[in-house]
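**Student:** From TrEMBL, for reference:
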type     : residues                                 : note
ACT_SITE : His66                                    : active site, proton acceptor
BINDING  : Asp67, Val70, Gly72, Asp74, Ser76, Glu88 : Ca(2+) 1 binding site
BINDING  : Pro163                                   : substrate binding site
BINDING  : His193                                   : heme b binding site
BINDING  : Thr194, Asp244, Asp252                   : Ca(2+) 2 binding site
DISULFID : Cys35-Cys114                             : disulfide bond
DISULFID : Cys68-Cys73                              : disulfide bond
DISULFID : Cys120-Cys319                            : disulfide bond
DISULFID : Cys200-Cys232                            : disulfide bond
DOMAIN   : 25-323                                   : domain 'Plant heme peroxidase family profile'
SIGNAL   : 1-23                                     : signal peptide
SITE     : Arg62                                    : site 'Transition state stabilizer'
Amino acid sequence: MKKITSRVLVFVLMTALVSVCMGGDLRKMFYEKSCPNAETIVQSIVWKRVSIKPELAAKLLRMQFHDCFVRGCDASILINSTAGNTAEKDSGANLSLAGYDVLEEIKSALESACPSTVSCADILALASRDAVSFQFKTPLWEVLTGRRDGRVSLASDVRGNLPSPFSNFSTLESSYSKKGLTVHDLVVLSGGHTIGLAHCNTFSPRLYNFTGKGDQDPSLDSKYAATLKGICSPTDTNTTVEMDPQSGTNFDSSYFTSVTQNKGLFVSDAALLTDRGASNIVKELTSQAKFFTEFGQSMKRMTAIGVLTGTAGEIRKACGKIN
């Protein structure tokens, strides 16, 4: 287990100073009176589960991204499909998501402590932060709370809203802009790829059929490409590889170093170098202290996308089912 470094402490202190509330009625310690132990309960369960399965950090972080980019951060990704509706979680792009059981365990504990009080949307925001933070045993960024849960989840909403690993820079920029995020956020949040795994089919066209002529993506480092070819066949849909070839299990800035070396795994990773401004940001974020600070701020902006607050939406009793 990594010890808390001075860079992490600087990151935590700097993000704590960012007090601008992005997301309307979201605020610090929203449950201070209504459910004072809410954040402690979330952290306790998440850290217990991540200590057993470290891969949950990447899975919960990814789930947060997928939720916020479709209908906003309303936990619609958690709603189960019914006989009459195919929900977001069962769309093709979301079939590899995991960690739902962790969130339901948290929800059950919170319902026992404070019935109908803590939203699944806030649980996901807190759990994704705490899962990543377990490595350092201190929260890496501040999570504002007060979200409420959405009542709608449609698989048809996913396509066109969720950024694709096959996207070029202009498509990525447009996707983020539609959500009120900047190019800076786009680059910073791509750093989430520093942890986790990817299936071969999400990047194998770069190895075997980049332009439809049986060719390899010339922008991909040749030695790295050879390594990937040794792992993935052209039709492999089951094998996985680390998204960050240098440290896929550690949350750090090495992803950006890999990108500068033309070792970004996805087309979308390599795309960051095709825009001058984005490329400059990539280089800046090779500094771990810089990355940690910026990631926390961009996560606060992302987790404020389209939030429901006040009397909008509902507080689900179970995250997989609307009331």
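Every residue gets a Cβ built from N, Cα and C, even glycine.
Can you tell me where each of these features sits in this structure?
**Tutor:** Long-range C-beta contacts of Glu88 (Ca(2+) 1 binding site), restricted to its own chain and to partners at least six residues apart, with a cutoff below 8 Å, comprise His66, Val70, Arg71, Ser76, Ile77, Ile79, Asn94, Ser153, Leu154, Ala155, Asp157, Val158.
All protein chains included, Pro163 (substrate binding site) registers 20 other Cβ atoms within 10 Å of its own Cβ.
For His193 (heme b binding site), the count of additional Cβ atoms within 10 Å of its Cβ stands at 25 [all protein chains shown].
Long-range neighbours of Thr194 (Ca(2+) 2 binding site) (same chain, six or more residues apart, CB within less than 8 Å of its CB): Met243, Asp244, Ser247, Gly248, Asn250, Phe251, Asp252, Ser253, Ser254, Tyr255.
For Cys114 (disulfide bond), the count of additional Cβ atoms within 10 Å of its Cβ stands at 16 [all protein chains shown].
Counting only same-chain residues at least 6 apart in sequence, those with a Cβ under 8 Å from the Cβ of Cys68 (disulfide bond) are Lys179, Met302, Thr303, Ile305, Gly306.
The Cβ of Cys319 (disulfide bond) has Ala75, Leu78, Ile79, Tyr100, Leu103, Glu104, Lys107, Cys120, Ile123, Asp149 as same-chain neighbours under 8 Å, each 6 or more residues away in sequence.
The Cβ of Cys232 (disulfide bond) lies under 8 Å from the Cβ of Cys200, Phe203, Ser204, Leu207, Thr239, Val241, each on the same chain and at least six residues away in sequence.
The 10 Å shell around the Cβ of Arg62 (site 'Transition state stabilizer') contains 20 further Cβ atoms across the protein chains shown.
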**Student:** Within 10 Å of the Cβ of Asp74 (Ca(2+) 1 binding site), how many other Cβ atoms can be counted across all chains shown?
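**Tutor:** There are 29 such Cβ atoms around Asp74 (Ca(2+) 1 binding site).
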**Student:** Once the chains shown are all counted, how many other Cβ atoms turn up within 10 Å of the Cβ of Asp67 (Ca(2+) 1 binding site)?
**Tutor:** 30
**Student:** Restricting to the chain of Gly72 (Ca(2+) 1 binding site) and a gap of 6 or more, list residues whose Cβ falls under 8 Å of its Cβ, or answer none.
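**Tutor:** Spatial neighbours, sequence-distant, of Gly72 (Ca(2+) 1 binding site): Gly150, Ile305, Gly306, Val307, Leu308.
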**Student:** Write out, in the order they occur in the sequence, the residues of the chain not among Asp67, Val70, Gly72, Asp74, Ser76, Glu88 that have a C-beta within 8 Å of the mean position of the C-beta atoms of the recorded Ca(2+) 1 site.
**Tutor:** His66, Cys68, Phe69, Arg71, Cys73, Ala75, Ile77, Gly150, Ser153, Asp157, Gly306
**Student:** Give me the CA-CA distance between His193 (heme b binding site) and Cys114 (disulfide bond), in Å, as a whole number.
**Tutor:** 35
**Student:** Taking the recorded Ca(2+) 2 site as Thr194, Asp244, Asp252, identify the other residues of that chain whose CB atom sits within 8 Å of the mean position of the site's CB atoms, giving them in sequence order.
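**Tutor:** Neighbours found: Gly191, His193, Ile195, Gln246, Ser247, Gly248, Asn250, Phe251, Ser253, Ser254, Tyr255, Ser258.
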**Student:** Rounded to an integer, what is the Cα-Cα distance in Å between Cys114 (disulfide bond) and Pro163 (substrate binding site)?
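**Tutor:** Counting only the Cα atoms, the answer is 36 Å.
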